[in-house]
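S.K.: Got a structure here, written out as structure tokens. Questions coming.
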Amino acid sequence: MGQGSSKHADSKLDSYPSFSRSDTQGSIKSLKSLKTVLGKGKDSNHDRRTSTDTTHSRHRYPETPPSLPPPPSPGILATSPAVLQKHQQEDSGNSSQSPTSPHPSNQPAMLSPSTAASQHHHHHSSSSSYAVSPTSPTSPTSSGPIGSNFDSASEHNGPVYPQDQQGPVIIPNSAISSTDPDDPETVVSLNVDEMIQRLIHVGYSRKSSKSVCLKNAEITSICMAVREIFLSQPTLLELTPPVKIVGDVHGQYSDLIRLFEMCGFPPSSNYLFLGDYVDRGKQSLETILLLFLYKIRYPENFFLLRGNHECANITRVYGFYDECKRRCNIKIWKTFINTFNCLPIASVVAGKIFCVHGGLSPSLSHMDDIREIPRPTDVPDYGLLNDLLWSDPADTENDWEDNERGVSFVFNKNVIRQFLAKHDFDLICRAHMVVEDGYEFFNDRTLCTVFSAPNYCGEFDNWGAVMSVNSELLCSFELIKPLDQAAIRRELKKSKRSGMAIYQSPPAEQVTQSV
């Protein structure tokens with residue numbers, strides 16, 4: 001970007017609503033109350049354990065990366081051709097068998113709904129998960145798999161990536177189309193597995209480096225490749241469980257590695273991330289690059305939604321722009337922004353759980369409204385897309401009121417009830433707000449906020465959480481303990497699941513089911 005472009009971006013930024021308050025909740029309501037509540041409770045959390053306490057066999061980090069394992073088949077995108085073909089061939093009367101977990105020690109203990117309800121308020125127990133049953137015990141009654149009526153989803157316009165390939169996945173530069181006339185670097189071939197290994201090695205390293213372990217040309221090629229995948233899949237993803245749902249991570253790369261340690265590195269688990277990958281944290285580049293590479297490697301089992309921070313104006317203010325400028329160059333930031341503009345917006349899991357970064361919108365009448373959002377697109381100052389990324393639930397008298405963030409609205413319990421009833425959903429799962437325990441229910445467990453960045457910004461002693469949805473639509477939570485950077489480095493150094501164990505992690509034995 002030249003100097004003129006920079007001035008244009010600055011003038012556009014000036015016209016955007018004020019973000020003087022913290023935009024990752026709570027505006028005043030949550031963040032300030034957290035400081036008072038959490039400041040006196042550091043020691044009370046020591047008895048709460050996380051799944052990262054589980055021991056595994058130790059391996060040295062390999063000098064030559066073996067290939068990553070193939071993903072579970074057919075993937076969890078219900079509109080993927082593999083899923084549709086599978087269910088066209090199956091007898092509708094066949095029932096699925098209950099699978100066993102490849103890592104039983106990492107699976108959260110499932111509680112009955114009544115037990116979970118009684119334990120939800122006792123967060124200082126030794127268990128790292130609290131199961132709830134917000135969704136219907138039976139699958140939605142439909143004649144075919146979810147999304148089977150969405151014809152465009154089966155038209156894959158991007159390159160076909162070899163999911164079942166046993167050897168290293170190499171994407172030649174000829175398969176990566178460049179549609180941006182301002183491409184910062186020449187597109188190069190991608191050795192996806194080797195790049196993933198490089199990034200994970202950085203995550204386990206005790207030293208932080210100013211430089212990025214990937215070259216600018218490699219970063220550009222990653223963005224180009226993943227952008228094609230985003231555009232080849234629907235704006236509204238329709239997924240089948242099991243899946244793990246992750247909230248904000250905000251460039252806290254070491255905590256992202258801890259999250260994968262706890263929940264399983266891909267493809268041992270299916271993932272849906274709810275956005276806000278960059279800004280605030282010190283390693284936004286490593287964070288977003290690892291997520292993009294996993295999306296390229298496992299396109300039908302690893303999904304990323306757009307958050308309000310995946311936007312040019314916000315990244316200019318909250319750190320990602322400065323990190324790109326300092327560690328790469330401004331053109332790399334522009335390439336990321338062009339990729340962010342292609343991210344999907346929302347997801348429906350098993351036809352019952354509506355997932356989005358922010359919340360609801362008064363402009364949202366039908367799910368087709370989301371499907372018809374054009375991409376690539378910037379985030380507008382108001383309207384449907386802005387609300388989906390920015391709105392918050394609140395105890396207000398009116399259905400819709402102005403948001404104290406200065407952007408979008410807040411919506412009350414009545415709006416939630418009407419939305420769920422109209423679309424036959426049971427739960428809204430969203431992120432966008434820091435909460436003390438990593439997850440927090442609202443309105444009789446019809447809405448859940450998930451936040452996955454523990455010790456947020458190094459200032460709040462909050463836990464991180466991941467919501468797991470199993471094939472029976474039972475939801476549970478795995479918690480990430482808040483640690484400072486020194487403690488995180490010590491934990492990762494002692495980790496029993498680094499090195500080759502990552503690459504030998506088997507695919508999920510829970511075969512994804514259409515509902």
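Every residue, even glycine, has its Cβ placed from backbone N, Cα and C.
Pulled these features from Swiss-Prot for this protein:
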- 1-186: region 'Disordered' (REGION)
- 17-30: compositional bias 'Polar residues' (COMPBIAS)
- Ser18: phosphoserine (MOD_RES)
- 40-51: compositional bias 'Basic and acidic residues' (COMPBIAS)
- 63-74: compositional bias 'Pro residues' (COMPBIAS)
- 91-109: compositional bias 'Polar residues' (COMPBIAS)
- 126-143: compositional bias 'Low complexity' (COMPBIAS)
- Asp248, His250, Asp276: Mn(2+) 1 binding site (BINDING)
- Asp276, Asn308, His357, His432: Mn(2+) 2 binding site (BINDING)
- His309: active site, proton donor (ACT_SITE)
- Ser505: phosphoserine (MOD_RES)
- Ser514: phosphoserine (MOD_RES)
S.K.: Three-state secondary structure of Asp276 (Mn(2+) 1 binding site) from DSSP?
M.R.: coil
S.K.: Do any of Asn308, His309, His357 (recorded positions) have a CA within 10 A of His250 (Mn(2+) 1 binding site), and if so which?
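M.R.: His309, listed in sequence order.
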S.K.: Under DSSP, is His432 (Mn(2+) 2 binding site) helix, strand or coil?
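M.R.: It is coil.
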S.K.: Looking only at Cβ atoms, how many others are within 10 Å of the one on His432 (Mn(2+) 2 binding site)?
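M.R.: Here the count is 29.
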S.K.: Across all chains shown, how many C-beta atoms besides its own are within 10 angstroms of the C-beta of His309 (active site, proton donor)?
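M.R.: Total other Cβ atoms inside 10 Å, all chains included: 28.
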S.K.: Including all protein chains displayed, how many Cβ atoms other than that of Asp248 (Mn(2+) 1 binding site) lie within 10 Å of its Cβ?
M.R.: 31
S.K.: Where His357 (Mn(2+) 2 binding site) and Asp276 (Mn(2+) 1 binding site) are concerned, what is their Cα separation in Å, rounded?
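M.R.: Rounded to a whole number, the Cα-Cα distance is 8 Å.
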S.K.: Within 10 Å of its Cβ, which one of these binding-site residues (Asp276, Asn308) has the largest number of other Cβ atoms?
M.R.: Asp276
S.K.: Whole-number Å only: compute the distance from the Cα of Asn308 (Mn(2+) 2 binding site) to the Cα of Asp276 (Mn(2+) 1 binding site).
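M.R.: Computed Cα spacing between Asn308 (Mn(2+) 2 binding site) and Asp276 (Mn(2+) 1 binding site) is 7 Å.
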S.K.: Which one is closest to His309 (active site, proton donor) in space, judged by CA to CA distance, out of the binding-site residues Asp248, Asp276, His432?
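M.R.: Of all the candidates listed, Asp276 is nearest in space.
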